[in-house]
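J.: First the structure, then my questions, so here it is.
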C-alpha cells in the first residue's frame, strides 16, 4: 500500500553528492513555484534503512531512469520491444516486484517519489534480477505528461493511492478528471487502467471520474473483481479479515 510516507536520510548519514543530485527532481516541496499542479504527496522527514540507502547509492544508475521533459524511448530503456505497463505510486515495491516477475513478457515502469520506497524496490530488482522493471523517481503527473508518448501504454496500475480523507484535502487526490484524461490519452487503444483503493469514499469518486472520461469504458458493471495478476497484500488480507472493503476498478481505452 502506498501510504505516501516520505523518507529522507536521517541526520548524520547523508547520501553522496552524486546520489543527491540524481534524486533532486523528487525532493521539491509540494506546490512549489515550479509546480504546475497541486501535488498528491507531501514530503516530511522519515526513516530510511541502510539497505535502502545502499540501493539508492549503488543501483539508481542501473535500474532507474532520470526524469526528462521528453518522451521516453521504451525500447531503448528496456532493451526490447514489449508492451509497457506504468505503475504509479508503488510504495515499498512488493506488489510491483511480484507482478513484474509473473509477467516477464511485459515491461514495467514504476513511478514513486519517496526514497524509502525507491530504495526498497531497487533492492528487490537487483536481488530478484527483474530485467523488465525500471523506476522513475519523480512526480507522476509530470512523468505521464512529459515522458509517456500518446497511445503508447498497454496498461496503467494505480494501487491504493493516498485517499486524503479530509474533505478540504480532496483536491490533492491523484485521480482527478484532468489526470485521468491524461492517462487515457497515453493508453493505446485496448489498453487498461486498473485502480484499487481501500477507502470507500475514494472508490466512489474514482468510479465517477473514470466513468466520466470519454476515452475509457468500464469492463464491469461498477466495481470489478480483483484480477489474478494483482496479488493481495498482507495489509489488504488483514483488512478484509476485519471486514474492511477493497474496491478494484478496471477500465479500457476505447
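Cβ coordinates come from backbone N, Cα and C, glycine included.
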J.: Out of 57, 112, 126, which one does Swiss-Prot list together with 87, 139, 162 for S-adenosyl-L-methionine?
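T.: Site partner of 87, 139, 162 for S-adenosyl-L-methionine, according to Swiss-Prot: 112.
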J.: Long-range neighbours only, meaning 6 or more apart in sequence with Cβ under 8 Å: which ones does residue 234 (substrate binding site) have?
T.: none
J.: Provide, as an integer number of angstrom, the distance between the C-alpha atoms of residue 233 (substrate binding site) and residue 87 (S-adenosyl-L-methionine binding site).
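T.: With the alpha carbons as reference points, the distance is 16 Å.
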